[in-house]
Amino acid sequence: MTAILERRESENLWGRFCNWITSTENRLYIGWFGVLMIPTLLTATSVFIIAFIAAPPVDIDGIREPVSGSLLYGNNIISGAIIPTSAAIGLHFYPIWEAASVDEWLYNGGPYELIVLHFLLGVACYMGREWELSFRLGMRPWIAVAYSAPVAAATAVFLIYPIGQGSFSDGMPLGISGTFNFMIVFQAEHNILMHPFHMLGVAGVFGGSLFSAMHGSLVTSSLIRETTENESANEGYRFGQEEETYNIVAAHGYFGRLIFQYASFNNSRSLHFFLTAWPVVGIWFTALGISTMAFNLNGFNFNQSVVDSQGRVINTWADIINRANLGMEVMHERNAHNFPLDLAAVEAPSTNG
């Protein structure tokens, strides 16, 4: 009898826990994805803060020349970063217990791998949690689909690119100047500015910003006035009201006259699908581009291929970019290479008589 009561009580406790986890009445929805998201993101955030403040220098290139990244070792907010895991570790899974000591783990950049892997798991669970809450509320799933774009971008630079290059040391540093360094080296080694998928990503981000500003300003400018001229139009609304707040017909008419008729949407759903799809698809393409360049399928390199009828080279901006890439490649990791890879790959001229 006692055993039966204990089992019922434990089942009841588990049932109450399940109901609490999946309840949409909580101030913040947790969900089953949240059970994994909360500890992983808390771990990533905590280790990031501690390492950004106090981590010792890291031997990023694996040549016994540690690079400082924390505030206590001379950096500021702009120059500071979590330095990527050492090239000596490569792609090996490197938790604390795999190192001989905590000092060795810190010297080899163990915190970077810990932060990145927990962060990627956490943001993936956040995306799943968006879908889960939408499902519980009977909503459509497109919020999580839209969020998949930044998740794909983060996965590309923190995981796919290091896998393709063979080492977590090639991942993006977790800091402002470190991000810029990553971008410059990426351009030098992969010519990303000449990659069509990066161009689509630029169009997606800049175009999305433009369309967002246009939409917000149009809606704000075409509010249906519910008040007199002597009081704010904002006073005529309450949060969550059923009635339309703005007149899409008026906005459509304004924009159609400003540019031309078919440049404007007269259907709210089509308009908002476009506002969502444009930046999301652009960022998807950029993430796909980085994931292919990770395996050295690089941007266009015309190599002085534009010639006149006599075969003479016509210099283009593409050739200027190639020269800039060589300069950037010469300067990065100066003590790890004697020559940039592009120069070292060329066969040496014969010196015989």
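Cβ coordinates are placed from backbone N, Cα and C, and glycine is handled just like the others.
Source: prediction; values computed, not measured.
According to DSSP, Tyr126 (pheophytin a binding site) is assigned to a helical segment. Tyr126 (pheophytin a binding site) has a Cβ environment of 19 other Cβ atoms inside 10 Å. Sequence annotations record features per position, and here Swiss-Prot assigns pheophytin a binding site to Tyr126.
The annotation phosphothreonine is assigned in Swiss-Prot to Thr2.
Look at Swiss-Prot and you will find Thr2 tagged as N-acetylthreonine.
Within the same chain, residues at least six positions away from Tyr161 (site 'Tyrosine radical intermediate') with a Cβ under 8 Å of its Cβ are Asp170, Gly171, Met172, Ile290, Ser291, Met293, Ala294. Classification of Tyr161 (site 'Tyrosine radical intermediate') by DSSP places it within a helix. Residues or ranges marked as site 'Tyrosine radical intermediate' in Swiss-Prot: Tyr161.
Among the features that Swiss-Prot reports, site 'Stabilizes free radical intermediate' is placed at His190. In sequence order, Met293, Asn296, Asn298, Gly299 constitute the residues six or more apart from His190 (site 'Stabilizes free radical intermediate') in its chain with CB-CB distances below 8 Å. His190 (site 'Stabilizes free radical intermediate') falls within a helix when secondary structure is assigned with DSSP.
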